Amino acid sequence: MLQAHTGYDLAIIGSGAGAFAAAIAARNKGRSVVMVERGTTGGTCVNVGCVPSKALLAAAEARHGAQAASRFPGIQATEPALDFPALISGKDTLVGQLRAEKYTDLAAEYGWQIVHGTATFADGPMLEVALNDGGTATVEAAHYLIATGSAPTAPHIDGLDQVDYLTSTTAMELQQLPEHLLILGGGYVGLEQAQLFARLGSRVTLAVRSRLASREEPEISAGIENIFREEGITVHTRTQLRAVRRDGEGILATLTGPDGDQQVRASHLLIATGRRSVTNGLGLERVGVKTGERGEVVVDEYLRTDNPRIWAAGDVTCHPDFVYVAAAHGTLVADNALDGAERTLDYTALPKVTFTSPAIASVGLTEAQLTEAGIAHQTRTLSLENVPRALVNRDTRGLVKLIAERGTGKLLAAHVLAEGAGDVITAATYAITAGLTVDQLARTWHPYLTMAEALKLAAQTFTSDVAKLSCCAG
C-alpha cells in the first residue's frame, strides 16, 4: 500500500543533529516538517559517536586516575577491577536515555512525524521511501534537506576485505575487551580509541602514515606521542598497513615503516582513517544535485544545492564534520529555505577538540598554514610547567601555543595540549572572535589556579618571561 505525505514546508532526510536543529527551527516558525530516517533516530553522535565514546573515555580516565594516583605523595596507586560488559551496558543505557530526551521525545513535543524508511529522490522533486516495515511512501515538500551525515571509510589494503575489522562505529559495540588492538589512523578517532582501550587494559599498537594528530602543531603531535608511549601504547609513525590476513582468531598485519617491513599479530584491527559522506542511493543525479570526490553534496555558502529547493547540512557537505557545525547548519537552512534569509556562517574561529587525556584543542590556523597564506605572524609556546593549575595537579604534561599577527598583536590562533583543553580553547575562541590582541588577552581577568589562566600566561610571554613573575602578576 502506498502512503502519501504531501504539503509539507520542509522534508528532511536523516535524524541527527543537523536534521533536528532544522526541524526545531522550522517548527518554531510555525512550518510543517516531516523527517525520513532509515536507521536509529539520533544520527551518529548520540548513538555511535560522541556520546558513547566520551562516556567510555571518562570511565577509562577514572580507572587510569586510580592507577596514576601515586604522583601525589601519600597516595598509593591501585588498579580497579573492570567488568567490561557492565561498562558497555551502562554506556548503552546512557545512550538510550539521551536518544529519547534529545531526539525522539522532542519530535513528539514539537510535532513532526518521523517516517522510518530509505528515501530516494525522484522527479519533482519528491521522495520515494521504502518503508522499513514494508510498503512504500511518497513525500512532497516545498523544500528538502539532506542531512544524512557520514560513515567510516577504509583505504584499499591487501586482504582487508577478508578480515572482520572494526570501525569507530563497531568499536562502540564490542562486548569483550580486545586483548591486543591494532589501530590504523592517527586522527581524533584513532587517538581517542587508542587511549580508551589502553587504559581499560588492552594492549594497543597505533600505526599512522605521518605523525600523530597530523593536522595539529608539531609540538602537540610530539607531546601526545610521548604521553602515549609513557602509557604503554606502541606507536609507529611514518608507517603504512600494507597487508592483513586472518591468523587464528586474530589478524596478522604487515606494516611498512622507516625500518622496512614488520609483522604485527593482534586480536582486533580498528580502521580509523576517515569518513565519507552518505549519499549513495539518494538519487541525487535525478534532481540535479552534484556531489564531490568523497560523495559530499556540493552546496553554496547558503547551504543550497544546484537545485534551489534542495539543501544540505552537516557531515554530508564539505564543511568540518563536527556535530556543532551540523546543528548550526540545520538552523541556517531553516532560515534560508523558509525565510529567504541568505545567512552564512563564519568558520574562522571554529574550535576543535580531541578528547585524549590530556586533551588536544585548537582554534584558528596552524603556523604552517599562516606561513603558506603569507600572513606575517609571531608565536609563543608556554610549557605547562609554568601553569600553577598544572603544578598543583602534579601533571605538567602539555603546552599552550599562541599565534599573533605581527605588527598588530591580534590573536590569530591558539593550540593547546592540556587537561581541560576544550574549556581553555573556548575562551581563546571568544578572544579571537572579539578581535583581541595578545596584550588585551594578557590584561583580561583570568581566575588563579584554573587551566584557563594558561591563556593569560601564554599571552604574557609575548612581552615577559613568566618564569620570573610572581603568582598572578600582570
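Yeah, the Cβs are placed from backbone N, Cα and C, and that goes for glycine too.
The FAD binding site feature in Swiss-Prot is assigned to A19, G39, T44, K54, A119, D315, V323. A19 (FAD binding site) falls within a helix when secondary structure is assigned with DSSP. In the structure as shown, the Cβ atom of A19 (FAD binding site) sits within 10 Å of 33 other Cβ atoms.
The disulfide bond feature in Swiss-Prot is assigned to C45-C50. DSSP assigns C45 (disulfide bond) to a helical segment in the three-state reduction. Residues within less than 8 Å, Cβ to Cβ, of C45 (disulfide bond) and separated from it by at least 6 positions along the same chain comprise G16, A17, V51, V323.
Sequence-distant neighbours of C471 (Hg(2+) binding site): residues of the same chain at least 6 apart with a C-beta under 8 Å from its C-beta are P388, Y448. According to Swiss-Prot, the Hg(2+) binding site annotation covers C471, C472, on the basis of similarity to another entry.
Residues near T44 (FAD binding site) in space but far in sequence (CB under 8 A, at least 6 apart, same chain), listed by position: G16, C50, G149, S150, A151, T169, D315.
In this entry, A19, G39, T44, K54, A119, D315, V323 make up the residues listed for FAD, with the farthest two CA atoms of the set 31 Å from each other.
Taking the recorded positions C50, C472 in turn and counting surrounding C-beta atoms within 10 angstroms, the largest count is reached at C50. Secondary structure at K54 (FAD binding site), taken from DSSP and collapsed to helix, strand or coil, is helix.
G39 (FAD binding site) and C472 (Hg(2+) binding site) have their C-alpha atoms 53 Å apart, to the nearest angstrom. It is 59 Å from the Cα atom of A119 (FAD binding site) to that of C472 (Hg(2+) binding site). In this structure, the C-alpha atom of K54 (FAD binding site) lies 34 angstrom from that of C472 (Hg(2+) binding site).
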